[in-house]
C-alpha cells in the first residue's frame, strides 16, 4: 500500500510538472502575440490618440523601459515568493493592459499602459525560464526550446489575427517586421515606412481592437490556469526542487554570468538587427524587388521558427554545449558569406536561411548550458534577459545610425559578421571558466594525494619492519645454533676424560634436558640401564 501511495505521488508530481510546462508555453505564446500585435496595429493606435506615426516613438521607449524594469524586479521577487503565483499575476496585468489600450485616447496614458505591459512581460520572460529550470533540472533542455518556440509561434500568429480584424488593410505591410527572436522588446519601429506614414482615418480605426481583445482573453485564461496550478502546489515546492537539483555556485560565478550577459547582448542584437534591416538591404544593395525582399525576410524568420521547433527534439539527445557550438559555427560561416559574398544571389538566400536557423537555439541553449555549472536564480536569469533587451535596443540603433552615415556600405552584413565573431570568441572563455575546478574539489584532490602518500609511506614502513623482524629472527637462530655447538663440544670433552665407558655411551641427555627443560629420556634405553648407571656412580 505504501509503495502504491509513493507511486501515486510520483505520478501526480509528473503530471504537475507537465501542466506547469504547458502553462508556461501557453504564456509564451501569448507573450509573442502581445509583442508582435503592436506592429500591424501601430498606425491605428496613433490615430486613436490623434497623433502621427512619427510622433509615437515614445511608446516603444516606454515599453522597453518597462520590460527592463520588470525583468530586474521579477528576478528579485522570484527569489522570495512563489513563482507560479507571480507569473499568474503578471499575466493578469498584461490582460488588463491589452483590454484598456484600444480605448485609450491620451498618448501619455498609452505610454504608461505600454510600460505596465512591458513590466509584466519582463517578469514573465525572467520567471518562465527560471521555473522551467527548477521544474525539470538537468532535463530542462527540450522544455526550454519548446518554451521559446512558443514565443516564435505567437509572434507569427499575431499579424494574422490583426489582418483578420482589420480586414486586410494597409497595416498588413508592417506585420513581418515585428517578428522578434526572443521575449525582448523592440525600442523603435522596424519598418522604415512607419516613421512617415500618417495615421489612417478610415473605417478600420475601430476594427483593430478585436485583435487586442482576443489576445487579452487568451492570456486571461492562461492566467486562470496558472492560479489553479498555484493552488495545487505548495509555496515552497519550487525552491525545494531547486535546492535538491542544483549544487553550489561555480568558482567564477559572477564573471561567468557577466560574460554570458555580454554574449546574449551581441547575439540578440545581431539577430534582431538582421531581421529588422534585411528588407532594406535587399532592396538597396541587392537590388531586389519588394516582393523578393519580403520573401527573403520570410526565409530568415521561417528558418528561425522551424529550427527552434526542431531543437525541441534535438535537445533530447544533444548537450547544450554541442548545440551552441553548432549554432556558432553556422552563424560564423553564414555571416561571412553575407558580409563578403552576398553579391552572389544564391549565397544571399542560403546565407540568410542558415543565419536565421543558427540564431534559433542560442538563447535557450545558453540558459541550459550555464545551469549545468552554477545556480540560476531569479536575479541571474534577469541579467540574461536584460542583456538581450539591451542588445536589441542598442545594436539596431547603432547599425541604423552608421548606415545613415555611410550610405554606400552594407553596414548590416558587416555588423552580423562582427557580432558572430564576438560570440565565437566569448564562448570558449566562458567554457574555460565554467570548467574551472572548485576550491573544495582542489582540497579533495590534495587530501586524496596526501592519503595516497601516507598509505605508500605506511606500506614502506611495514615492509622495513618486516625485514627488520626477519633479520632479528635470523640472528636469534644463529645464536641458538652457536650455543648448542658450544654445549655439545663441552660435553664431548668431559666424557672423554671419564674412564670406564666409551665416549659414545655417555648420555648427553641430562645436560640437554637442563638446557631445553624436557624430561630425561634415553633413546633405546631401559630402566635396568638407568639403574646400572646409578650403581656405577655409587661404587665410584
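Please read every residue number as a count from 1 along the shown chain.
Glycine is no exception: its Cβ is also placed from the backbone N, Cα and C atoms.
The stretch that TrEMBL tags with transmembrane segment, taken from the ranges 144-162, 163-181, is 144-162. Non-local neighbours of the transmembrane segment (209-231) in the same chain are 16, 19-20, 23, 26-27, 30, 33-34, 37, 40-41, 82, 84-85, 87-89, 91-92, 94-95, 98-99, 101-103, 158, 161-162, 164-166; each lies 6+ residues outside the stretch with a CB under 8 Å from one of its CB atoms. Away from its own ends, the transmembrane segment (252-279) comes close to residues 176-177, 179-182, 184, 186, 190, 293-294, 296-297, 300-301, 304, 352, 355-356, 359, 362-363, 366, 370, 373-375, 380, 383-384, 386-392, 394-396, 399-400, 403, 412, 415-416, 419-420, 422-423, 426-427, 429-430, 433-434, 436 of its chain (Cβ-Cβ under 8 Å, at least six residues beyond either end). With a threshold of 8 Å between CB atoms, the same-chain residues lying at least 6 positions outside the transmembrane segment (408-431) that come near it are 256, 259-260, 262-263, 266-267, 269-270, 273-274, 277-278, 280-281, 285, 321, 324-325, 328, 331-332, 335-336, 338-340, 342, 355, 362, 370, 395, 399, 402. With a cut-off of 8 Å on Cβ pairs spaced 6 or more residues apart, the transmembrane segment (144-162) and the transmembrane segment (85-102) reach fewer than 3 such pairs and are scored as not touching.
Below 8 angstroms of C-beta separation, residues 20-21, 24, 27-28, 31, 34-35, 45, 48-49, 58-60, 62-75, 77-78, 83-84, 86-87, 90-91, 93-94, 96-98, 100-101, 140, 143-144, 147, 183-185, 238, 367, 376-378, 381-382, 384-385, 389 of the same chain, each at least six residues beyond the ends of the transmembrane segment (108-132), sit close to that stretch.
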